[in-house]
Amino acid sequence: MAKEIKFSEEARRAMLRGVDALADAVKVTLGPKGRNVVLEKKFGSPLITNDGVTIAKEIELEDAFENMGAKLVAEVASKTNDVAGDGTTTATVLAQAMIREGLKNVTAGANPVGVRKGMEQAVAVAIENLKEISKPIEGKESIAQVAAISAADEEVGSLIAEAMERVGNDGVITIEESKGFTTELEVVEGMQFDRGYASPYMVTDSDKMEAVLDNPYILITDKKITNIQEILPVLEQVVQQGKPLLLIAEDVEGEALATLVVNKLRGTFNAVAVKAPGFGDRRKAMLEDIAVLTGGEVITEDLGLDLKSTQIAQLGRASKVVVTKENTTIVEGAGETDKISARVTQIRAQVEETTSEFDREKLQERLAKLAGGVAVIKVGAATETELKERKLRIEDALNSTRAAVEEGIVSGGGTALVNVYNKVAAVEAEGDAQTGINIVLRALEEPIRQIAHNAGLEGSVIVERLKNEEIGVGFNAATGEWVNMIEKGIVDPTKVTRSALQNAASVAAMFLTTEAVVADKPEENGGGAGMPDMGGMGGMGGMM
């Protein structure tokens with residue numbers, strides 16, 4: 001395919017049009033008085049959102065050169081979202097400001113490489129100072145404030161804070177769609193895995209269709225059990241103790257399953273069989289997790305252990321087990337605390353080492369089941385359109401809160417970026433590097449300008465006053481008052497602000513040093529020239 005090439009000024013101008021198209025669509029959502037953007041969907045109702053990265057991903061421009069500019073800024077939003085999970089609109093606003101200012105200077109004759117050096121120098125100083133003014137997050141109230149600011153909803157803030165408090169730092173919090181109108185929190189205590197009973201005849205509560213075992217023994221094996229003789233010796237030992245049995249195996253079927261069911265119905269003893277969770281190597285690891293949690297052993301031929309010679313001391317214990325059609329929950333396993341801690345440390349190390357996002361997610365789930373817990377925020381709304389928008393906001397708020405726990409918080413509402421302005425302005429450089437520093441200085445003001453603009457106010461006046469205020473005092477665009485931002489709970493996670501600034505500067509510097517842009521030449525549509533006249537096809541019948 002033929003290519004089209006544009007050089008220097010012409011190339012950068014075309015890409016800038018794309019940058020502006022995307023950034024102008026995204027930045028209307030910034031701040032407490034930001035608006036929403038409606039995205040058309042090929043199927044179903046349109047999506048209404050104020051999430052920067054969601055909007056950025058939807059934008060495709062007809063002109064190939066403009067589209068490249070738009071995609072560069074979408075990359076800023078996407079990268080910030082990957083690292084910090086929020087702050088995508090701020091990152092987009094910063095990138096647009098740096099690109100615009102930079103382009104003015106490069107057009108006026110500044111050397112892009114010198115400009116880039118100055119920008120990198122200024123951003124490094126800004127980030128260092130952001131870390132200095134950052135405060136660690138303390139207590140449930142602070143967590144609720146961060147989440148409430150991100151989601152623009154206090155109820156969501158307290159839900160997320162409660163979820164984080166109940167499952168701890170190692171816990172997993174997931175967000176699901178609810179069938180009702182209300183948003184609620186559901187916390188699963190203990191270890192839960194997605195395998196239910198092998199037979200509905202094993203239930204102990206026919207109203208709820210669940211089997212509840214109090215103080216059961218737990219037999220854990222990776223073998224398939226079809227013959228009752230294999231587990232008869234250990235069954236007899238359990239019956240003598242008068243306790244129920246949870247049997248976790250690759251599968252339980254045939255005569256073995258029938259015998260367990262018949263004995264349950266007769267009231268001889270109570271046993272529930274479930275399939276082992278996971279597959280392959282992950283199954284072995286999860287069975288080992290259950291064994292550590294319950295203080296039992298995995299009966300596997302890999303370790304030279306045989307079901308027939310299993311002793312009751314090799315079984316796990318728990319205070320309670322609840323088995324439904326789809327899930328098994330083990331509450332208060334009797335495993336030794338130091339062994340559980342060692343297992344948790346081992347899984348944490350694997351989380352750090354893995355490069356696969358899927359593996360990391362699965363390892364964190366295992367970690368949560370052992371050390372924390374699993375919380376599910378069920379999002380409810382009156383319509384599907386509102387539900388999608390609300391779910392996106394809550395996901396952002398959750399990511400924002402995690403980022404705050406990790407690196408602390410700074411004053412929100414664009415205040416922190418202006419707070420570091422004077423420190424960056426004190427940096428001195430020569431020639432084009434100084435121009436680069438000035439570009440970053442102008443960009444630091446842009447988020448607060450945009451927040452003010454979206455609230456119908458004049459940004460320049462607010463920026464000038466903010467530069468002279470003491471650190472931490474900022475402008476609350478929701479009420480129009482000057483307040484101590486952290487005291488009022490108007491905060492941003494340091495990680496979000498830092499990532500937005502770093503990623504914006506990185507892409508802006510790449511943009512300014514671009515000298516040629518290559519794109520596919522659009523094909524000219526020749527109307528009906530695609531197929532030749534097929535009029536003579538009728539004679540093909542004679543080919544038979």
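Quick reminder: no glycine exception, Cβ is built from N, Cα and C everywhere.
ATP binds THR29, LEU30, GLY31, PRO32, ASP86, GLY87, THR88, THR89, THR90, ASN476, ALA477, ALA478, ASP492 as Swiss-Prot records it, and from the list GLY139, GLY157, GLY413 the residue named for this site is GLY413. Around ASN476 (ATP binding site), a 10 Å sphere centred on its CB holds 18 further CB atoms from the protein chains shown. In sequence order, THR80, SER150, ASP396, ALA397, ASN399, SER400, ALA403, PRO493, VAL496 constitute the residues six or more apart from ASP86 (ATP binding site) in its chain with CB-CB distances below 8 Å. Classification of THR90 (ATP binding site) by DSSP places it within a helix.
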